[in-house]
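K.L.:
Starting off with a structure, shown below.
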């Protein structure tokens, strides 16, 4: 403890010109600071939901495409936090108002996650984490790379891989129960989108795959999701990558990924890195949109690596992780006070998130070592001369003994002492509906993507002309029969082998299926059947166009029945080859091994 105290005092004296938190308040309009005297207050309970007072009533309307709910009113502390930062613009006349969503409180208690090593479950990725997320608020899990942010988010959502084990308890509305299908949404860091569809088409097909009921009842849900994520200006634009046309910007793509989960109108929304690969402007627009979504009553819980000062001011609560340890959980303003109490006050002109990550990121030790030789010639780098391991231990010890940690435990007890409304599943679309939707969607994609079947059609026609001209003019002798049999063999086998060129395009569909399957929107059998049925028109077009050219070039019998018999035989060969390609590509999910396996089978 003496080493920790000495390092802490050294950093306190050298991190900034001011030495006390009170003297560091620049002005009353600096938006992420409270009024004077309120920084030292622990986490308040003014936004704690009481199940007797907040009667959360969930009612599904006819058709099951919307939910009306009475949600917890906005907390006064939330208005203090954002006062003077980013005022909401007035809604134009005739603009649709976002529907209210019945959020749910999520609590995790003593949550520990271990990853299986070579022999046993030994590596602790998350260590005894406590926290909660309330309806109508945004709770962010922040930390440097490989600190356990995504693992903690997946553990709370119940989406850990098989190689991980979870210890601890997760409560939803005060009850130990897993969130049923449709009650929550999970947005991966990178989700494959279909570039040849427009935003409205993509969301419409996603709604048909997720929700039960008739097709016409899903349009209102899609429009609500588009409005919630501010995608109205991009609703009729292609997502990207179609025929060399410029697609949506990266920020709008992230909005589409989130909107796909909003068609279910989930009570809780988990997002892994919503600001991934976004610039500062796109990141701010994204967080303002999520703030608007949270104001409808939805519970938002997401991870983030780093944020600007403006984005930081929009958070309600922050869970700070480093090497799996929880260094702080509470309101964002209380985190600033926590760092000041530990001896690491935030400089006036520095972003709070930059300051937090600077203090707890062990990678900065390497930067310090690199800067030591440069330090004498270019000034003193006293702001980074600190042992990060000591800072982490100091922050953790300070938090464990602080009033903030005690307040979190008290809040967890209040949220778990009585069970609230039980979340119910909204139902799934039937398997027949999903097959029909996937078939129609794949048909639309294949008709727009020239790499799918149009390029294969051109290659088959070129190969048919080559083989047909080589074996043309055979005559009608007995020896020509054997030659024609060889020509048919070469024609069918080479065209079947040429269809392997469709594996790279098929991999895009498989990536989309993998994303939908992780959220239980689709299944393996449904995907394979839908893909196979959608390929039938294109395969028949390839077979009849190639057969007509080859049949008459080789000089086979000029009878319509025999011609159609030849076409159907060639079509069945292509169909069997397409089914084999689907199965092999779905198993390997890799272009190289799929092509190698298919060539070996042929």
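For all residues, glycine too, the Cβ spot is worked out from N, Cα and C.
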K.L.:
Among 38-62, 63-87, indicate the range for which TrEMBL gives the feature region 'Disordered'.
P.N.:
63-87
K.L.:
By Cβ distance under 8 Å, which residues at least 6 away from the ends of the transmembrane segment (566-588) in the same chain are close to it?
P.N.:
491-492, 495-496, 499-500, 502-503, 506-507, 510, 524, 527-528, 531-532, 535-536, 539-540, 542-544, 546-548, 551, 556, 594, 597-598, 601
K.L.:
What is the pLDDT of the domain 'ABC transporter' (106-348) when averaged and given as a whole number?
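P.N.:
Average per-residue pLDDT within the domain 'ABC transporter' (106-348): 88.
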